[in-house]
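Taking it in order: structure first as structure tokens, then the write-up.
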Amino acid sequence: ELNRSMQQKEISEKVLRNTNHEKKQLQAQLMETISGFTEVIEGLNDQCPEGLTTTGGPPASVDRLQDQLREVSYQNQALQAELHNMRCHLEKLQDSRQAMEAKSRSAKNAGAGPEAQVHQLKDERDMLKVRLEELSSSSATLQQQDTQDQVHTQELKRHRQDVESLHNQKEELRRQLQDQDKERQELQDNFLYVKSQLDKVQMKQAQGDGSADGERELQRHRQTLDSVLEERSRLAHRLESVLRDAEKEKAYHEQSVERVMTANGRLMEERDRTAKEVERLSRLYAESVNQLQGDLNQTNMTSGIFRTDSGSSPLADPAVVAKVQGQLAEVEEAIRSKEQENESLKNRIRKLAVA
């Protein structure tokens, strides 16, 4: 009994060593995962303030990013809480292991009898079973945590893609803003130039009291202004005509698509009808073949009845055979025509699909 209890103790010690090794590996993996998550979250936190300070994008996207960052921070806090719980659990396991080792050393020093050692080993075995159950439950929680980590990585990838798309939108809006600034600057320059010229004309008119040079200059500027207004109206009419042509082209393309869809539906109906016709001809062909075989068998039976020793009579009537052969030829010709029609329909469907 003492030897058996010692063997059980050795087995339990091996199991304890294995569990400690697995515990260290899981703790290392957990720390690595948490460090990776913290690096990614810090990178996102660094990128998001930069995007908020440099871009003037829509507020809805910024609010959505802030909500996403808040969710990620909550998830990080939950992971840290789980890590703290795991550490507390590991500390409890270490304390229990130290207590068990102290009990075993005290029992050895006291020199207790075999029955006490057996009882102590049974207690240790029960304790190790409880620890194994706890470790199995912790492994299940670690698997759940792995799945949660995978979900978190996918969420982080999606957040990174959203940040990249927002960055691209920011660049596009920046380019549009630069173009609009250039146009505004050009319009401002033109306005200032026209205003300066008008001021010059007015000053000349005021100084010359209606001299001929001032009138000619004013007339020239008025002609320039009229030409600019005429060019503007011409461009506006041209833009309206282009928009009307685009609408007409759009309506024409939509009608073309509808015609193609209706033609495709008709072709599909024709294909189904052709398939049914081919099936009907196949059945007719099979019935003709069966009828021919029945006629041949009947002629063979009649020829076997009326056969004599001196010679044999013909197997079938030539007229019946010719009639059946004619029917077979007609059926084959109809099948070939239907197959050709089917091929032509398939080609038309392919052309319409390409168009």
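Even glycines carry a Cβ here, placed using N, Cα and C.
In TrEMBL, the annotation region 'Disordered' applies to 95-122, one of the ranges 67-94, 95-122, 263-290, 319-346. For the compositional bias 'Basic and acidic residues' (10-20), residue counts in helix, strand and coil come to 11 helix, 0 strand, 0 coil, using DSSP.
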